[in-house]
Amino acid sequence: MGLLRLVFLLSWAASAGGLYGNPLNKYIRHYEGLSYNVDSLHQKHQRAKRAVSQEDQFVHLDFQAHGRQFNLRMKKDTSLFSPDFKLEVGGETVNYDTSHIYTGQLFGEQGTLSHGSVVDGKSKGLLKPLKAHSYVEPSERFFKDQAVPFHSVMYHEDDIKYPHKYGSEGGCADSSVFKRMKEYQMSVQEEPEKHDHKEDHEDSGPVILRKKRAAQAEKNTCQLFIQTDHLFYKRYGETREAVIAQISSHVKAIDTIYQSTDFSGIRNISFMVKRIRINVTSDEKDPTNPFRFPNIGVEKFLELNSEQNHDDYCLAYVFTDRDFDDGVLGLAWVGAPSGSSGGICERNKLYSDGKKKSLNTGIITVQNYGSHVPPKVSHITFAHEVGHNFGSPHDSGNECTPGEAKNLGFKENGNFIMYARTTSGDKLNNNKFSICSVRNISQVLDKKENSCFVESGQPICGNGLVEPGEQCDCGYSDQCKDECCYDANQPENLKCTLKPGKQCSPSQGPCCTTDCTFKRASENCREESDCAKMGTCNGNSAQCPPSEPRENLTECNRATQVCIKGQCSGSICERYDLEECTCGSTDEKDDKELCHVCCMEKMKPHTCASTGSEAWKAYFKGKTITLQPGSPCNEFKGYCDVFMRCRLVDADGPLARLKKAIFNPELYENIAEWIVAHWWAVLLMGIALIMLMAGFIKICSVHTPSSNPKLPPPKPLPGTLKRRRPPQTTQQPSRQRPRENYQMGHMRH
């Protein structure tokens, strides 16, 4: 029987933790077995895979565990993989269908969320409730050589006991490693690329008050290249479906964390897998596989990943199942807004050791001190290492390490994601970034985001626009003034949905009241325009129905155009069964007439004349209609200015013409040809120039003073003015006294 890998991310309120009579391993103190019908689920998956209708695309899974009934409704999720997703297995590119990845919720329970994959039949997963997270995994992962009456196990996060006693920096490398990495990052031999996107953050949107990146507002997705070594492949049953399910669950976990974080106005940061390379067991003997050796230290393992060129990706990670020294679960290069290389969007560069490397990399392992860590610890480790890539060092200080506080109120909330040691994941702060991390990450995003991030193509909850898949969108909690809609800070399957009992939301359209009900029919919702009458609500929709159009050929746009099917798109000439034409330049037409609206009889260009001319006086009563400023004129050779004069367009301005005149290659070719033909003239000019310079030096040298006492004094130039001394007098005191006053600046009494 094939396997079903089901990765859940559920939100539900349950209280089944705390019973430790059935331990699973040294980390998991209690579990329950699941044994639902795998054949039935596999058939449902195959039917949903081929489904065309909306209803048939859902997969239903019902099972009972921990004292309650679970009714899952899941739909294919393509948001985690880019449209050009590429999969390599064993060195070969294979066509792969990602339709086995699902996202859904518990039927009838708002705010719940499931994310997973369905492949052939059995379940593995993660349950992430509102109050108590739970996880589902295949039983063979824990009972390899034992026959058990169930195919999956389910356990609560309250039943997970992850120790923190392994080393001062358990989970992340110690400070000496980061110091060496920082020094290496500073040794780049190439000038780091400079990114200045300050202007992208200045505009503010009209819908909700928040920062917007005007030029590239939707470039919010970091594309990933993820490799797995042969040990990771062995760990997950030697099937590519199981490996991709693991990658999917990790990416979904960090995607949820980063999307819900406001990085100083930069929001909805998401992740998408662009490429996966799976090293299978046969790659263990492949000499081209850099990860083939079993005993590789964590720093060397990261270096092997960095030695590949990852310019096509925002980040590149390697997943492994290795037990690194000192309990290290992950390692990554720390990004910075400027001054050093490394982190998101970093390009392949040359460093002091003579090697070109890509420092937009990191590594993750799922093994720690001989045991495999729970999924939630691995997910937070991934978010932690990616946080390094995004520019955040480890948290420090009282403000950002509340778990070290003496106050029990702060301490019980736990530390944040970027805490130096691994967190258990069950505390309030364990899945959040501290204010210190937010400040650091926002600076890096501001500098680098637009250099490699891409548009996600997915609806963005929180941008104030109701997009496909959203019921409403009132923005984030600090912006939402809507009592009808859940804001974007709510749980995944709750945000951007209508609150219970609410009929509509003002974010859906102008025909919804602030009381969350539809406006009465005939209430105005759109002002009238030149080509459309006033819009009125219909009483059963939040959106304003299309306005009734005015009659065709109604004048609009200051009587320069006419209405066609409710749009101001026709020429005023059409009102009189004429065609619009362009007034050409003739001796009789000045630059003002070239900016008139001109008409002609159909198929008769020679009849083209201004609306103010005698030819069309019968239609326009002698009134001259002018083009809008900026309109093309004189057969597209110019444009109309605000004074209704046709300004010819000179593609080559004076500076451009001067540049072309000086640097014209033909000019230098002509000069070269002339020199070849008249070489004797060039020779004579050279001799004359040398003689002129020699004569100048000879003549001027006799008049130039010299410090050499053996040379004669310089001769004065003819006509040089000589300084005359004043006549000597016998009144010496009277001559010196004014001089003293001038030099000292004193006044004498």
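Numbers here mean position along the shown chain, with the first residue as 1.
Cβ coordinates are placed from backbone N, Cα and C, and glycine is handled just like the others.
Positions annotated as topological domain 'Extracellular' by Swiss-Prot, on the basis of sequence analysis: 19-673.
Non-local contacts of CYS172 (Zn(2+) binding site) by the CB criterion (under 8 A, 6+ apart in sequence, same chain) comprise VAL328, LEU329, GLY330, LEU331, HIS384, GLU385, HIS394, ALA420, ARG421, THR422. The Zn(2+) binding site annotation in Swiss-Prot covers CYS172, HIS384, HIS388, HIS394.
The C-beta environment of CYS452 (disulfide bond), restricted to residues of the same chain at least 6 apart in sequence and closer than 8 Å, consists of CYS222, GLN223, TYR313, CYS314, ILE344, CYS345. Following the DSSP three-state reduction, the secondary structure of CYS452 (disulfide bond) is helix. Residues or ranges marked as disulfide bond by Swiss-Prot on the basis of similarity to another entry: CYS345-CYS452 (among others).
Here Swiss-Prot flags GLU385 as active site. In three-state terms derived from DSSP, GLU385 (active site) belongs to a helical segment.
Around the Cβ of CYS400 (disulfide bond), the same chain contributes PHE416, MET418, SER434, ILE435, CYS436, SER437, each under 8 angstroms and 6 or more positions distant in sequence. Secondary structure at CYS400 (disulfide bond), taken from DSSP and collapsed to helix, strand or coil, is coil. Sequence annotations record features per position, and here Swiss-Prot assigns disulfide bond to CYS400-CYS436 (among others) based on similarity to another entry.
Taken from Swiss-Prot, the feature domain 'Disintegrin' covers 458-552.
In this structure, CYS496 (disulfide bond) belongs to neither helix nor strand by DSSP; it is coil. There are 27 other CB atoms within 10 A of the CB of CYS496 (disulfide bond), with all protein chains counted. The feature disulfide bond is assigned by Swiss-Prot to CYS461-CYS496 (among others).
In the three-state DSSP classification, CYS472 (disulfide bond) falls within coil. The disulfide bond annotation in Swiss-Prot covers CYS472-CYS485 (among others).
In the three-state DSSP scheme, CYS537 (disulfide bond) is classed as coil. Cβ contacts within 10 Å of CYS537 (disulfide bond), excluding its own Cβ and spanning all protein chains shown: 23. Per Swiss-Prot, disulfide bond is recorded for CYS511-CYS537 (among others).
Sequence annotations record features per position, and here Swiss-Prot assigns disulfide bond to CYS525-CYS544 (among others) based on similarity to another entry. All protein chains considered, the CB of CYS525 (disulfide bond) has 19 other CB atoms within 10 Å.
Feature annotation from Swiss-Prot assigns disulfide bond to CYS531-CYS563 (among others); the stated evidence is similarity to another entry. With a 10 A radius on its CB, CYS531 (disulfide bond) counts 24 other CB atoms from all the protein chains.
Around CYS556 (disulfide bond), a 10 Å sphere centred on its CB holds 21 further CB atoms from the protein chains shown. Per Swiss-Prot, the feature disulfide bond maps to CYS556-CYS568 (among others).
Classification of CYS581 (disulfide bond) by DSSP places it within a strand. Taken from Swiss-Prot, the feature disulfide bond covers CYS581-CYS608 (among others).
Of all Cβ atoms in the shown protein chains, 29 besides its own fall within 10 Å of the Cβ of CYS598 (disulfide bond). In the three-state DSSP reading, CYS598 (disulfide bond) counts as strand. Per Swiss-Prot, disulfide bond is recorded for CYS583-CYS598 (among others).
Annotation source Swiss-Prot lists disulfide bond at CYS595-CYS640 (among others), citing similarity to another entry. CYS640 (disulfide bond) falls within a strand when secondary structure is assigned with DSSP.
The feature disulfide bond is assigned by Swiss-Prot to CYS633-CYS646 (among others), with similarity to another entry given as support. According to DSSP, CYS633 (disulfide bond) sits within a strand segment. All protein chains considered, the CB of CYS633 (disulfide bond) has 27 other CB atoms within 10 Å.
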Quiz item: Which one of these disulfide-bonded residues has the most other Cβ atoms within 10 Å of its own Cβ: CYS345, CYS436?
Solution: CYS345
Quiz item: Which one of the disulfide-bonded residues (CYS544, CYS640) has its C-beta surrounded by the most other C-beta atoms within 10 angstroms?
Solution: CYS640
Exercise. For CYS525 (disulfide bond) and CYS537 (disulfide bond), determine the Cα separation and express it in whole Å.
Key: 6
Exercise. Within the same chain, and leaving aside CYS172, HIS384, HIS388, HIS394, name every residue whose CB is within 8 angstroms of the centroid of the CB atoms belonging to the recorded Zn(2+) site, in sequence order.
Key: GLY330, ALA332, GLU385, GLY387, SER392, PRO393, MET418, TYR419, ALA420
Quiz prompt | Within the predicted model, mean pLDDT of the topological domain 'Cytoplasmic' (695-749) | solution = 61
Quiz item: By CA distance, which of the disulfide-bonded residues (CYS531, CYS563, CYS583) lies nearest to CYS511 (disulfide bond)?
Solution: CYS531
